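S.K.: Pulled the feature table from TrEMBL, pasting it below:
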SIGNAL    1-30  signal peptide
TRANSMEM  54-71  transmembrane segment
TRANSMEM  83-104  transmembrane segment
TRANSMEM  124-149  transmembrane segment
TRANSMEM  210-228  transmembrane segment
TRANSMEM  240-260  transmembrane segment
TRANSMEM  267-292  transmembrane segment
TRANSMEM  304-324  transmembrane segment
TRANSMEM  336-357  transmembrane segment
Amino acid sequence: MTDLQACSLNVRKIISSVLFLLFYPTIVSCECTCEVEDLKHDKGEALKYKLGSILSILVAGAIGVGLPLLGKKIKALSPENDIFFMIKAFAAGVILATGFIHILPDAFDSLTSPCLAQNPWGDFPFTGFVAMMTAIGTLMVDTYATGFYKRMHFNKSKPVNTTDEETAGAHEGHVHVHTHATHGHAHGSASPEEDLALSELIRRRIISQVLELGIVVHSIIIGISLGASESPKTIKPLMVALSFHQFFEGMGLGGCITLAQFKSTSMAIMATFFSLTTPVGIAVGIGISSIYNENSPTAQVIEGILNAASAGILIYMALVDLLAADFMSPRMQSNLRIQLGANVSLLLGAGCMSFLAKWA
């Protein structure tokens, strides 16, 4: 072989390699289809695992959300204790990992699926946009709701001021005023310290309600996905992983509900609602399993948008309302032992929840 022929052969090889590298991604993308993965389906066995999942996840969620609520009965679990502070940091890590590791990647997968049309779903990052707008919306709701309840309370507790009024006396820190104009009475008994405590309580109640909304949306979606599956091989690891998932999420939500100091009836309703959402989602999934196709464009869009919204809510709540509020508090900053314990608990909670992403 002459040098010219050898050189020509090398050039052809280089050109072939370049063309392969250029067109290989296109070839791979063309192989992506919307067909359901070929898994072994056994509807009878799958149904048994689904029913087992309902019971397992219901119990795990109830225990997780119930443990912090027992703080009113068990002194060791009281919100004033350092141990509860560590538990709350652990739960905040779980919620943060749920948003970043579990929900947001699922939303990206759904809204960038090859089943969806390139225009508009492939031309714009809808997942990040929806998550961002939901986080901003949560901030607005948080701010306006807190301000509304503060104004409502302070307007009620504000003493009546007229030009013609007499002070009848002061009793135990509150002013008793008799007015000739109205022949009524007004009591201004809230000190600045009490106003501050009330403001913090209102904020905690709003936090717990918005947090539950974000968790519930996600719980229903994963419940429907599990219930609609017909593969025991898929359901078995999900049953275990989601049980731990609900347990840890329940601890986070239960801690927020406890700090909000709701009445016992309200606490029970919120805890029950959380515990039932995933099992109800599984039951709905079982009911629609014959007609539900999780790879259809409509299902992908709905799941993707709801997951992205849920992720935005949870990430905002975990970072702003749970972690920032606690980690910047005077109590933590003045106690090195609490700081170290809370940081370790945060990393442990986020790590455990991230590890579960291998299965669910």
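Heads up, the Cβ atoms here are built off N, Cα and C, so glycines get one too.
Automatic prediction, not curation, is the source of TrEMBL annotations.
For the listed features, I'd like the structural context: burial, neighbours, distances.
M.R.: Same-chain neighbours of the transmembrane segment (83-104): 68, 71, 76-77, 127, 131, 211, 215, 218, 245, 248-249, 251-255, 259, 307-308, 310-315, 317-319, 322-323, 326, 331-332, 338, 341-343, 345-354, 356-357, 360, counting only residues six or more beyond its ends whose CB sits under 8 Å from a CB of the stretch.
Within its own chain, the transmembrane segment (124-149) has Cβ neighbours under 8 Å at 104, 107-108, 111-112, 199, 202-203, 206-207, 210, 214, 304-305, 308-313, 315-317, 320-321, counting only residues six or more beyond its boundaries.
Long-range Cβ contacts of the transmembrane segment (210-228) within its own chain (Cβ-Cβ under 8 Å, at least 6 residues beyond either end) map to 50, 53, 57, 95, 98, 102-103, 138, 141-142, 235, 238-239, 242, 245-246, 249, 252-253, 256-257, 270, 273-274, 277-289, 292, 294, 303, 306-307, 309-311, 313-314, 317, 321, 360.
With a threshold of 8 Å between CB atoms, the same-chain residues lying at least 6 positions outside the transmembrane segment (267-292) that come near it are 47, 50, 53-54, 57-58, 61-62, 65-66, 69, 208-209, 212, 215-216, 219-230, 242, 246, 249-250, 253-254, 257-258, 299.
Sequence-distant neighbours of the transmembrane segment (304-324) (same chain, 6+ residues past either end, Cβ-Cβ under 8 Å): 88-89, 91-93, 95-96, 98-100, 103-104, 106-111, 113, 126-128, 130-135, 137-139, 142, 203, 207, 210-211, 213-215, 217-218, 221, 252, 256, 346.
Note on the transmembrane segment (336-357): residues 82, 85-87, 89-94, 96-98, 101-102, 241, 244-245, 248, 323, 326-327 of its chain, located 6 or more positions outside it, place their CB under 8 angstroms from a CB of the stretch.
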